[in-house]
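> Got a structure for you, written out below as structure tokens; questions coming shortly.
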Amino acid sequence: IGMVIECKDGYLMEPNGCKRGCLTRPARYCANECSRVKGTDGYCYAWLACYCYNMPNWVKTWDRATNTCGRGK
């Protein structure tokens, strides 16, 4: 019996709708933050934000189409 587990990659998102920043964080900060939400790994991407791999679908990630960062929400 096999199971299909849906996973996604993406930028971690702060409650204010912005990407989770990592410019001044320690080297493993993003990997640790990604593992907290059950992702397999992560790193500080060129946009200076945490990018995670293989997170569960319930994790909210930043999306350009639904971006609310800086809009007071």
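Each position is counted from 1, following the chain as shown.
Backbone N, Cα and C atoms are what each Cβ position is placed from, and that goes for glycine too.
Below, the features straight out of Swiss-Prot:
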SIGNAL    1-7  signal peptide
DOMAIN    8-70  domain 'LCN-type CS-alpha/beta'
DISULFID  CYS18-CYS69  disulfide bond
DISULFID  CYS22-CYS44  disulfide bond
DISULFID  CYS30-CYS50  disulfide bond
DISULFID  CYS34-CYS52  disulfide bond
MOD_RES   ARG71  arginine amide
> Restricting the comparison to the recorded positions CYS22, CYS44, CYS50, ARG71, which residue's C-alpha is spatially nearest the C-alpha of CYS34 (disulfide bond)?
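Out of the listed candidates, the nearest Cα belongs to CYS50.
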> If you count, for each of the disulfide-bonded residues CYS22, CYS50, the other Cβ atoms lying within 10 Å of its Cβ, which residue has the minimum?
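Result for the disulfide-bonded residues CYS22, CYS50: minimum number of other Cβ atoms within 10 Å at CYS22.
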> From the Cα of CYS30 (disulfide bond) across to the Cα of CYS18 (disulfide bond), what is the distance in angstrom?
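CYS18 (disulfide bond) and CYS30 (disulfide bond) have their Cα atoms 15 Å apart.
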> Going by Cα-Cα distance, which of the disulfide-bonded residues (CYS22, CYS30, CYS44, CYS52) sits nearest to CYS69 (disulfide bond)?
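For CYS69 (disulfide bond), the spatially nearest of the disulfide-bonded residues is CYS22.
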> Rank the disulfide-bonded residues CYS18, CYS30, CYS34, CYS52, CYS69 by the number of other Cβ atoms within 10 Å of each Cβ, and give the residue at the low end.
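Candidates: the disulfide-bonded residues CYS18, CYS30, CYS34, CYS52, CYS69. Fewest Cβ atoms within 10 Å: CYS69.
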> To the nearest Å, how far is the Cα of CYS52 (disulfide bond) from the Cα of CYS30 (disulfide bond)?
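CYS52 (disulfide bond) and CYS30 (disulfide bond) have their Cα atoms 8 Å apart.
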> Cα within 10 Å of CYS44 (disulfide bond): which of the recorded positions CYS30, CYS50, ARG71 qualify?
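Correct set: CYS30, CYS50.
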> Just to confirm: which same-chain residues, 6+ apart in sequence, have a Cβ under 8 Å from the Cβ of ARG71 (arginine amide)?
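Those within reach of ARG71 (arginine amide), by Cβ under 8 Å and sequence separation of 6 or more, are GLY17.
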> What is the number of other Cβ atoms found within 10 Å of the Cβ of CYS44 (disulfide bond)?
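Within a 10 Å radius of the Cβ of CYS44 (disulfide bond) lie 20 other Cβ atoms.
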> At the Cα level, what's the spacing in Å between CYS30 (disulfide bond) and CYS22 (disulfide bond), rounded?
7
> Could you break down the residues of the domain 'LCN-type CS-alpha/beta' (8-70) into DSSP helix, strand and coil, giving a count for each?
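Breakdown, helix to coil: 11 helix, 21 strand, 31 coil.
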